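What TrEMBL says about this protein:
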- His70: active site, proton acceptor (ACT_SITE)
- Asp71, Val74, Gly76, Asp78, Ser80, Glu92: Ca(2+) 1 binding site (BINDING)
- Pro167: substrate binding site (BINDING)
- His197: heme b binding site (BINDING)
- Thr198, Asp249, Asp257: Ca(2+) 2 binding site (BINDING)
- Cys39-Cys119: disulfide bond (DISULFID)
- Cys72-Cys77: disulfide bond (DISULFID)
- Cys125-Cys326: disulfide bond (DISULFID)
- Cys204-Cys236: disulfide bond (DISULFID)
- 29-330: domain 'Plant heme peroxidase family profile' (DOMAIN)
- 1-22: signal peptide (SIGNAL)
- Arg66: site 'Transition state stabilizer' (SITE)
Amino acid sequence: MAQSTSFFVLVALLAFAPICFSFKSNNGYLYPQYYYKSCPKAQEIVKSVVAKAVAKEARMAASLLRLHFHDCFVKGCDASLLLDSRGSIVTEKRSNPNRNSARGFDVIDEIKSALEKECPQTVSCADILALAARDSTVLAGGPNWEVPLGRRDSRSASLSGSNNDIPAPNNTFNTILTKFKRQGLDLVDLVALSGSHTIGNSRCTSFRQRLYNQSGNSQPDSTLDESYAGQLRNRCPRSGGDQNLFSLDFVSPTKFDNSYFKNLLASKGLLNSDQVLATKSQASLALVKRYAENNALFFEQFAKSMVKMGNISPSTGSRGEIRKNCRRINSS
């Protein structure tokens, strides 16, 4: 009996232990121990600043997680999103997916400032984004994982890439899946990573068409629960109120769990890009059902897919640089 108890304790501990990965990039390996010698307090510093920011505003967890996603889908995970317009650089912050919605830049600045004091020009802004995304997930009650590190920062940005490569709320299922596949991600990654919408908010302008004119026939989206649609219309009128915020997961808006998938099965996904996961593909629907039934399975796959996403075309070795300030490239 004691041996059996010990086994179950071990299983329980493994379930909550961070998942560990290392990945080979174009010019070398990303691995969790990258800063152990050069900046041993790096992860502690990132976690401390993120924890303070999320304690002040729970929504910040979703905002920081989103920054990593929007960075990686454009030119790879290289912190190009953080660059302000300067000289020949046109910031990605002005793109349609980011304008009036991407936030958390001040938190990243605070992390970078603290790291520069501890170990100057050592920890990249790209790695800060990856660590902040993981820490935000954990603080919201989600899974933990070890973040492969060693990315370097880009010296350029791509406004067009940001406009074209990041999946949009109104994209069709096939368009979204195509954008994921371009990054080396698959259907499993798409469904699992979409589960990040278990926390955070979206603006009225991102889903208004579902309420009033989904297919150009002045009719609401037939896949949207009618009572839920009625609640949304109260604060998302046909015109005006564009910036009004709504929880992506109305059941547990600040808790990272599998309620998002349960909402999809009840036809209560907020965005079109959410609901199509349950209506446009049998393979996708099967995954939605599995994650809705098994929170641990969702957590396990989310962690794996986040590590996989974090390995999209990182700059390593002599490519790129370690910025002193995340908002601008170093002076040549």
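Sequential numbering from 1, following the chain as shown.
Using N, Cα and C of the backbone, Cβ positions are placed for all residues, glycine too.
Feature map: TrEMBL annotations on the structure.
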{"residue": "Arg66", "record": "site 'Transition state stabilizer'", "contacts (Cβ under 8 Å, 6+ apart)": "Ala102, Gly104, Ser196, Gly200"}
{"residue": "Cys72", "record": "disulfide bond", "contacts (Cβ under 8 Å, 6+ apart)": "Gln183, Met309, Gly310, Ile312"}
{"residue": "Val74", "record": "Ca(2+) 1 binding site", "contacts (Cβ under 8 Å, 6+ apart)": "Ser80, Leu81, Glu92, Ser158, Gly161, Ser162, Asp165, Ile166"}
{"residue": "Gly76", "record": "Ca(2+) 1 binding site", "contacts (Cβ under 8 Å, 6+ apart)": "Ser154, Ile312, Ser313, Pro314, Ser315"}
{"residue": "Asp78", "record": "Ca(2+) 1 binding site", "contacts (Cβ under 8 Å, 6+ apart)": "Asp71, Ala126, Arg151, Arg152, Asp153, Ser154, Ser313, Pro314, Ser315, Gly320"}
{"residue": "Cys125", "record": "disulfide bond", "contacts (Cβ under 8 Å, 6+ apart)": "Ala79, Leu82, Ile108, Lys112, Asp153, Arg323, Cys326"}
{"residue": "His197", "record": "heme b binding site", "contacts (Cβ under 8 Å, 6+ apart)": "Leu248, Asp249, Tyr260, Leu270, Leu271, Asp274"}
{"residue": "Thr198", "record": "Ca(2+) 2 binding site", "contacts (Cβ under 8 Å, 6+ apart)": "Gly142, Leu248, Asp249, Ser252, Lys255, Phe256, Asp257, Asn258, Ser259, Tyr260"}
{"residue": "Cys204", "record": "disulfide bond", "contacts (Cβ under 8 Å, 6+ apart)": "Arg235, Cys236, Gly241, Asp242, Gln243, Asn244, Leu245, Phe246"}
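Distance noted between the C-alpha atoms of Cys39 (disulfide bond) and Cys77 (disulfide bond) is 21 Å. Least packed by the Cβ count within 10 Å, out of the binding-site residues Asp71, Glu92, Asp249, Asp257, is Asp257. Using a 10 Å Cα-Cα cut-off from Pro167 (substrate binding site), the recorded positions that qualify among His70, Cys77, Cys119 are His70. Sequence-distant neighbours of Cys77 (disulfide bond) (same chain, six or more apart, CB under 8 Å from its CB) are His68, Asp71, Ala126, Leu129, Ala130, Arg151, Met309, Gly310, Asn311, Ile312, Ser313, Pro314, listed in sequence order. Taking a C-beta cut-off of under 8 angstroms and a sequence separation of 6 or more, His70 (active site, proton acceptor) has the following same-chain neighbours: Leu81, Glu92, Pro97, Asn98, Ala102, Ser162, Ile166. Within 8 Å of the centroid defined by the CB atoms of Asp71, Val74, Gly76, Asp78, Ser80, Glu92, the record's Ca(2+) 1 site, lie the Cβ atoms of His70, Cys72, Phe73, Lys75, Cys77, Ala79, Leu81, Ser154, Ala157, Ser158, Gly161, Ser162, excluding the listed residues themselves. Looking only at the domain 'Plant heme peroxidase family profile' (29-330), the predicted model's pLDDT averages out at 97. Cβ proximity to the Ca(2+) 2 site centre (mean Cβ of Thr198, Asp249, Asp257, cutoff 8 Å) flags the following additional same-chain residues: Gly195, His197, Ile199, Val251, Ser252, Pro253, Lys255, Phe256, Asn258, Ser259, Tyr260. In sequence order, Tyr35, Ser38, Cys39, Lys41, Ala42 are the residues near Cys119 (disulfide bond), counting only same-chain partners six or more apart with C-beta under 8 A.
Taking the disulfide-bonded residues Cys39, Cys236, Cys326 in turn, the residue surrounded by the fewest other Cβ atoms inside 10 Å of its Cβ turns out to be Cys39.
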